[in-house]
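Some features that TrEMBL has for this protein:
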type	residues	note
TRANSMEM	B:40-60	transmembrane segment
TRANSMEM	B:92-109	transmembrane segment
TRANSMEM	B:115-137	transmembrane segment
TRANSMEM	B:144-163	transmembrane segment
TRANSMEM	B:169-187	transmembrane segment
TRANSMEM	B:194-210	transmembrane segment
TRANSMEM	B:262-283	transmembrane segment
TRANSMEM	B:304-329	transmembrane segment
TRANSMEM	B:349-375	transmembrane segment
TRANSMEM	B:387-403	transmembrane segment
Amino acid sequence: MSQNILQVTDLSMRFGGLLAVNGVALSVKEKQVVALIGPNGAGKTTVFNCLTGFYKPSGGTILLDGQPIQGLPGHQIARKGVVRTFQNVRLFKEMTALENLLIAQHRHLNTNFFAGLFKTPNFRKSERDAMEYAEYWLEKVNLKEFANRTAGTLAYGQQRRLEIARCMMTRPRMLMLDEPAAGLNPRETDDLKALIGVLREEHNATVLLIEHDMKLVMSISDHIVVINQGTPLADGTPEQIRDNPDVIKAYLGEA
Amino acid sequence: MSKSLRSALFSAALVWAVAYPVLGLKLAFSGVTLVVQNASTGTLLTIAGCSLLMFLRVLFAERIGGLRRDSSRPLIPAKASNFLTLPSTQRWFILALVVLAFIWPFFGSRGAVDIATLILIYVMLGLGLNIVVGLAGLLDLGYVGFYAVGAYGYALLSHYFGLSFWECLPLAGLLAATFGFLLGFPVLRLRGDYLAIVTLGFGEIIRIFLRNLTDITGGPNGISNIEKPTFFGLSFERRAAEGSQTFYQFFGLEYSPIGKVIFLYLIALLMALAALFVINRLLRMPIGRAWEALREDEIACRALGLNPTVIKLSAFTLGAAFAGFAGSFFAARQGLVTPESFTFIESAIILAIVVLGGMGSQLGVILAAIVMILLPELMREFSDYRMLMFGALMVLMMIWRPQGLLPMQRPHLELRK
C-alpha cells in the first residue's frame, strides 16, 4: 500500500461557542480519490478551509507528507502542493483563460524585475515554457479555442473546468475540489467524471472532494468520509457507506 | 402624460434651483459690507431659456429617444472604437505622439511648453497611480504624499548637501519607495473603503508633518531657490556660477530665455517615456499579471500560492517610486516647494486622471492627463465657472464613457498552433 499523503487527526474548528468541526480524521493516499460527504451544514467546507489554511484550526494535526501544516497561511500551504477549487467558481473573471493559467504558474516563473525589463533570454524561455504548459492543459480540458476569451464570459461548465486546469498548473501534490459538479448538467457531470479519471490515471493526481451528487461520488471514490454536524459519522469504501444505517439515517431522517 | 409633465416641471425647477444661486446672484461690495445683488436681466433670461429647454427635453424625452433609436448609432462606431483600442493601433499612435512631442516645443510658445511640462508631470503621476489603483485595485487617496516625499527629498538634499538634480533623482525615487513600503506594511491588510480612508490620512500626515517641521523644511514657507537641472553640468541660466559654463557659452549660442523651459520639458518627456516603458513591461511580467489577479480575487490568489501581501506591497512601492521621481522633477521645475502644493485636491486630480482615462489603460491616462490639466488652463477666462464646467465634464463622462476614455484591452497571447 502506498504512503499517506495527507493525514488528518482529531481536527476541530471552533467559532466562539459553535463547534463547527469536531474530531474529524481522514487520510488520503497517493493517487486516491477520497470524497467528503454529509448533509448541508455538516462542516465539509469548514474542513476544507482548515486544510487549505483559510481557517486556523482550533485543534488537531494535519500532516502533509509527514510534515505538520496546520496553522500555516493559505499561500504557504498552496506552495506545499495543496491546491483547491471553490464552491462558487473563483476565476479571475476580467482576465483571459490563458492569463488565468499563467498566474497559477507565478511561483515557477522568472519574476526577476530586471530580467523582465530587458527581456533576457532566460525570461523569454520561462514565459514560453509557461505558455506551453498552459496550452497543454487548455487542450486537456477542451478550452483551447477559448484561450483568449475573458474567463467571465465562458459558460459555467467551462469555468469549472478552467478552474481545475488552473489548479493543475501549480503542479499540485493534492487537488481539493469543493463541489465540482454543483450547477452542472448531467452531461457536464459525466465530462467532469472523465476528467477526474484522466487526472488520476495520466497525471497521478490525488483528489479530495466534497460532493452532493451521490452517483458521481459512489462511482469515482476509493474511499468516503461522512461527517454530520461537524462530527465524523462513517468512513469506508463506497459499498460500506451505501449500506451504513447511520448514514442513511443522517440523510433521510429516522424511518 | 401627466407623469412626464410632472417630471418635466420638476426638471425645469431644478434648473432654476441650481443655476439661480450659482449664476443669478452676485456678491458685491457696498462700502465695507457684502451685499447680494441680482445678476443682469440677460443672465436671468438665459437661465429661463435653459429651464424651458430642459422642460421640453424631459417632456418629449420618449419621443426624442424613439427618434434616436431609429437611427441608432453609437457615438463612435463599434468598428472604429475596437480599432482605436487595439494594442497595435495604440502602439503606433504612441510612436507618432512621441516624435511629435520631441519636435513641437522648438516651435511652441513659452507658455505652451510650460503647460506641457506640467501635463507630463501629471502623466507620470497618473501612470504611477495606475499601478496601484488601476491594476492592483488598491484605492489610494494619499498618493500625493509620495509626490511630496520626492519633491522634499530633492529640495532637502540639494539645500543641505548641495547634490545635483541628477544625483537626487534616483535617491528621491528610492526615498518615496521606502515610504511606500513602510506605510504599505500596516495598511495593506485593509480592503476597499478602509484602505482609502487610511491612505487619505497618511497623505495628510505627510503634508502636515512637512509643514510643522519648521527647522528643517522651512514650515509653510517651504524651501526656495532649488537648483535647476543641468545638461551634463552646463546650466541654462544667463550667467553661470563661478568656474562653470552655461549651455549657451559652451556651444557658442546666443542666450534665449525659452531654452530653459524647453530643456525642462525634454527632461519631463524622457522621464514620462521611461515610466511608460517600465510600466508597460511590468504589465507583461508575472508580477503585472499577479497585480491584476489580486484585484480580481484575492482569495483565489492565496489558494494558488501567491502571497497577497508581497504583491500588494510591490504595487504600492513601485507606484510610490514613480511619484517620487515626478516629485523631484516638480521641485526642480518650480524651484520652490511648499506643503500647500501637496494637498488632497492633488491626489483627487491624479485619481481622476486614472479613472477618466480608463483603469489600467496607459494611453488613456496620458489622454486624461492632457484633458484634466489643459482644460482648466484653456478655461481661464471663464475662471468663475471653471469648477462648474469640470463637474459637467465629469457627468458627461459618466454617461457616455463610464469605462474611461480608452478602456484597457487585454493582451492577446498567441498560442502556437
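Backbone N, Cα and C define each Cβ position, glycine as well.
Just so you know, TrEMBL annotations never went through curation; they're auto-generated.
Under 8 Å from some Cβ of the transmembrane segment (B:115-137) lie the Cβ atoms of residues 105, 108, 143, 147, 261, 264-265, 268-269, 271-272, 275-276, 279, 282-283, 288, 291-292, 294-296, 311-312, 315-316, 318-323, 325-326, 329-330, 333, 349-351, 353-355, 357, 359-362, 365-366, 368-370, 372-374, 377, 408, all in the same chain and six or more residues away from its ends. Ranked by number of Cβ pairs under 8 Å to the transmembrane segment (B:169-187), the listed stretches B:92-109, B:144-163, B:262-283, B:304-329, B:349-375 are led by B:304-329. Sequence-distant contacts of the transmembrane segment (B:304-329), counting only residues of its own chain at least 6 positions beyond either end whose CB sits under 8 Å from a CB of the stretch, comprise 121, 124-125, 127-129, 131-132, 135-136, 138, 140, 143-144, 146-154, 165, 168-169, 172-177, 179-181, 183-185, 188-189, 267-268, 271, 275, 279, 282, 287, 290-291, 293-294, 298. Residues 22, 75, 352, 356, 358, 371, 375-376, 379 of the same chain lie 6 or more positions beyond the ends of the transmembrane segment (B:387-403) yet place their CB under 8 Å from a CB of it. Nonlocal intrachain contacts for the transmembrane segment (B:262-283), taken as residues 6+ away from its ends with a CB within less than 8 angstroms of a stretch CB, comprise 94, 98, 101-102, 105-106, 113-114, 116-117, 120-121, 123-124, 127-128, 130-131, 135, 228-229, 231, 236, 247, 318, 322, 325-326, 329, 332-333, 362, 366, 411.
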